[in-house]
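Quick look at what Swiss-Prot lists:
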ACT_SITE  Asp136  active site
ACT_SITE  Asp461  active site
TRANSMEM  24-44  transmembrane segment
TRANSMEM  51-71  transmembrane segment
TRANSMEM  534-556  transmembrane segment
TRANSMEM  569-589  transmembrane segment
TRANSMEM  615-635  transmembrane segment
TRANSMEM  674-694  transmembrane segment
TRANSMEM  702-722  transmembrane segment
TRANSMEM  733-753  transmembrane segment
Amino acid sequence: MADSSSSLPPLCEKISYKNYFLRVVDLTILGFLFSLLLYRILLMNQNNSVWVVAFLCESFFSFIWLLITSIKWSPASYKSYPERLDERVHDLPSVDMFVTTADPVREPPILVANTLLSLLAVNYPANKLACYVSDDGCSPLTYFSLKEASKFAKIWVPFCKKYNIKVRAPFRYFLNPPAATESSEFSKDWEITKREYEKLSRRVEDATGDSHWLDAEDDFEDFSNTKPNDHSTIVKVVWENKGGVGVENEVPHFVYISREKRPNYLHHYKAGAMNFLVRVSGLMTNAPYMLNVDCDMYANEADVVRQAMCIFLQKSMNSNHCAFVQFPQEFYDSNADELTVLQSYLGRGIAGIQGPTYAGSGCFHTRRVMYGLSIDDLEDDGSLSSLATRKYLAEENLAREFGNSNEMVTSVVEALQRKPNPQNTLANSLEAAQEVGHCHFEYQTSWGKTIGWLYESTAEDANTSIGIHSRGWTSSYISPKPPAFLGAMPPGGPEAMLQQRRWATGLLEVLFNKQSPLIGMFCRKIRFRQSLAYLYIFTWGLRSIPELIYCLLPAYCLLHNAALFPKGVYLGIVVTLVGMHCLYSLWEFMSLGFSVQSWFASQSFWRIKTTCSWLFSIPDIILKLLGISKTVFIVTKKTMPKTMSGSGSEKSQREVDCPNQDSGKFEFDGSLYFLPGTFILLVNLAALAGCSVGLQRHRGGGSGLAEACGCILVVILFLPFLKGMFEKGKYGIPWSTLSKAAFLAVLFVVFSVGN
């Protein structure tokens, strides 16, 4: 219960950033874009079809920059003061923590175990926490790893809290040896804890190599004759916290779950798993707040739960309007500089409107909001309005909306009325938990429609996020130092392309479903600028077409002897526009501590993913809208550095995180993802070669130096592909891709020259 005294300092404060200089720069770039469009309109009759195509592409780019300017206009974030929480709140609320995994091959069980251990060790009363791991792959190996991790947690959690360890994921913490100034007691405990973690890692590694012996144990009987897409519901209470209030070294509840899957039933991928987590946790612990993290995003800040509670428990007029608290997704490797910059500027910009979007991980949700409440259903004090009480608490309505389970209905009523959760034995809820995991349980209910994580898109995070904001809720953004959660990005290559395609396809699905911001901005409670922010995100896939065309236009104009850019003094519009944008984006990177090399790599990868990966989201969404095929959620392969090298020598955290000699190289395979990029590169190289040997006579009104510079710029941006033409192995472009791209490039050159 929170102390309502207004004389005490606040638990959090909103920080608004007003940088008028950056607003001027954004508007200036927008002005140059509009000037270029106006110039093309005025000279449209004097030029050919190339001019029209360029105008259409630049119109799309101008629209995107208009959206960016709107987003970045009033950035904001929150600063929390978790050290004030204990003196302000006498009884901290419970929190249910969710971890999702789906494939023990692509998501190593030891990585999932480390994420689990980091959550179990956070600085929060153990009797107020419960951790649920959803294993959509129904893997005995994953269960074994987590069961072993729960044993190690009885050593790890007390060690972390005794010495106030900062990094609470063992695989990261043990990368650095203890300082020489540490006490002998600490050094002894450190060695013991490290040895136990190494034993855990070896047991998991041995089980990975030969898991047949797992079938012999009684605890693994439920996993016999199971397949990832065909198995019954499994719910196991791995560890139950029976300690009292104030027992610091206790380990929180830990429950393993795997919902039923059958080949003939839709399971809705991660969104379906999240909704099962909500139901099981509602039956067992029913905490008012829920944290969800991906299996590779460990808790890096021990006070992360307290920081989120500072937002939810702050006494103010709008405290009850906050639906979720989102922490930025940050990474310990060198592959995520671009995302860090994107979150720092655009993320804070969206946070200053109606609140950040839900990013799928590192987010604290309020259970009542996930149960479908609208902002209009609450009184000023956060209690249900009389109309909402009649609407939601009628038993027949609840059964129809939430499913035919008396225990589930009871837990929903308690959650909506904010009743304290009685400390029941978890085993008493096992039968009901099994029931709500059946494939048919959601049939003719509102799960995935208006309740829980929303279906109809593989980007369940964005779909759910706009659904929450459309009901009038706000959200909050906290970016603490050190970062609250850390993970690893897939390296540039097939896995990155796969991930980007999945994101772009899922976002386009939301753009064309009933949650579309094009609908919401006019008839829902979402703010207009928030709708524009979502529109910017959901159109990622659509950008692939104008960007692909614009990468080919300079080459076409050189080969065809046609003008693409303005002539004379008007060329200054393009030169100034390109120069300002480059300097502006470079400043954004360098102001966050990144290098020029990092900035260039980001610019290059942005062009590559847009023209290569995002491009495939277009046919994906077209085929889905036509009912020909359905989009599929493919799990991205997760990797983790090893604490010990093969020779047994330790690697430091710096050695693991910093790029090695191969980290900057782009990886290729024979998939179609790399065909567009190779084609673009070959076309521009051919145009430059043709220009240098005089394939076309360049007369006064045709192409010239500006178009040649455009081709050079495209080649520079696709430098990883140029290097890939001369590399071998996974860093080289396969011959099959090169031959296909070369054939298409020849057709393009013949068409351009002869047209």
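Every residue number used here counts from 1 along the chain in the order it is shown.
Heads up, the Cβ atoms here are built off N, Cα and C, so glycines get one too.
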Where Asp136 (active site) falls in three-state DSSP terms: coil
Winner by Cβ pairs under 8 Å against the transmembrane segment (534-556), considering only 24-44, 51-71, 615-635, 702-722: 51-71
Listed stretch, out of 24-44, 51-71, 615-635, 733-753, that has the most CB pairs under 8 angstroms to the transmembrane segment (569-589): 24-44
Proximal but sequence-remote residues of the same chain as Asp461 (active site) (Cβ under 8 Å, at least 6 apart): Thr357, Tyr358, Ala359, Gly360
Tertiary contacts of the transmembrane segment (615-635), as residues 6+ beyond its ends and Cβ separation under 8 Å: 102-103, 106-107, 269-270, 458, 498, 501-502, 504-509, 512, 540-542, 544-545, 548, 672-673, 676
Positions whose Cβ lies under 8 angstroms from the transmembrane segment (51-71), at least six residues beyond its ends: 26-27, 29-30, 33-34, 36-37, 40-41, 43-44, 346, 349-350, 353, 529, 532-533, 535-536, 539, 542-543, 546-547, 549-550, 553, 563-564
Remote residues contacting the transmembrane segment (733-753) - C-beta distance under 8 A, at least 6 residues beyond either end: 552, 555-556, 559-560, 668-670, 674-675, 678-679, 681-683, 686-687, 690, 695-696, 721, 724-725, 727
Asp136 (active site) CB neighbourhood, other CB atoms within 10 A: 24
